[in-house]
Amino acid sequence: VHLTPDEKNAVTALWGKVNVDEVGGEALGRLLVVYPWTQRFFDSFGDLSTADAVMGNPKVKAHGKKVLGAFSDGLAHLDNLKGTFAQLSELHCDKLHVDPENFKLLGNVLVCVLAHHFGKEFTPQVQAAYQKVVAGVANALAHKYH
């Protein structure tokens, strides 16, 4: 991902304030609510029958935290996203058979959740920088798909 120094600083500064536990669970939960077909990848998570069930589900929260942990690793390696996400790309492609379009959806949901949490601090410039990052991460996660 090519970010200007200002964009990189904006992404890093905001990410330092992110509560990964809270934002991760909320982002994954919103993905599962807004795009219910994504729930099929999470059969083992138990009750996902309503928005409240999804948002209160401890397995959704735990996996959301794990997802944002991986995203944090990506932020530390913006110059090598494909390498950073190579194993996760293989896992999601070969074993989990996740449609790579879902990575784009989750990235967009994450941007919305960040905007909700940070309000005026999430300026159009910060949003534009995060859109570049989530697009780069989605592309890296889709890299191993044939």
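Placed from the backbone N, Cα and C atoms, the Cβ positions cover glycine too.
From a predicted model like this one, the values you see are computed outputs, not experimental measurements.
What Swiss-Prot records for this protein:
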- Val1: N-acetylvaline (MOD_RES)
- 2-146: domain 'Globin' (DOMAIN)
- Thr12: phosphothreonine (MOD_RES)
- Ser44: phosphoserine (MOD_RES)
- Lys59: N6-acetyllysine (MOD_RES)
- His63, His92: heme b binding site (BINDING)
- Lys82: N6-acetyllysine (MOD_RES)
- Cys93: S-nitrosocysteine (MOD_RES)
- Lys144: N6-acetyllysine (MOD_RES)
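Feature annotations (Swiss-Prot) mapped to structure.
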residue : record              : Cβ within 10 Å
Val1    : N-acetylvaline      : 20
Thr12   : phosphothreonine    : 14
Ser44   : phosphoserine       : 6
Lys59   : N6-acetyllysine     : 15
His63   : heme b binding site : 17
Lys82   : N6-acetyllysine     : 15
Cys93   : S-nitrosocysteine   : 17
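With respect to their backbone Cα atoms, the residue listed as 'phosphothreonine' and Cys93 (S-nitrosocysteine) stand 29 Å from each other. Per Cα geometry, Ser44 is the residue among the modified residues Val1, Ser44, Lys82 nearest to His63 (heme b binding site). Residue counts for the domain 'Globin' (2-146) under DSSP, helix first, then strand, then coil, are 117 helix, 0 strand, 28 coil. Taking Val1, Ser44, Lys59, Cys93 as the modified residues under consideration, the smallest Cα distance to Lys82 (N6-acetyllysine) is found for Val1. Looking at the domain 'Globin' (2-146) alone, the prediction's average pLDDT is 90. Here the C-alpha separation of Ser44 (phosphoserine) and Cys93 (S-nitrosocysteine) works out to 19 Å. For Lys59 (N6-acetyllysine) paired with Val1 (N-acetylvaline), the C-alpha to C-alpha distance reads 31 Å. Between the C-alpha atoms of Val1 (N-acetylvaline) and Cys93 (S-nitrosocysteine), the distance comes to 22 Å.
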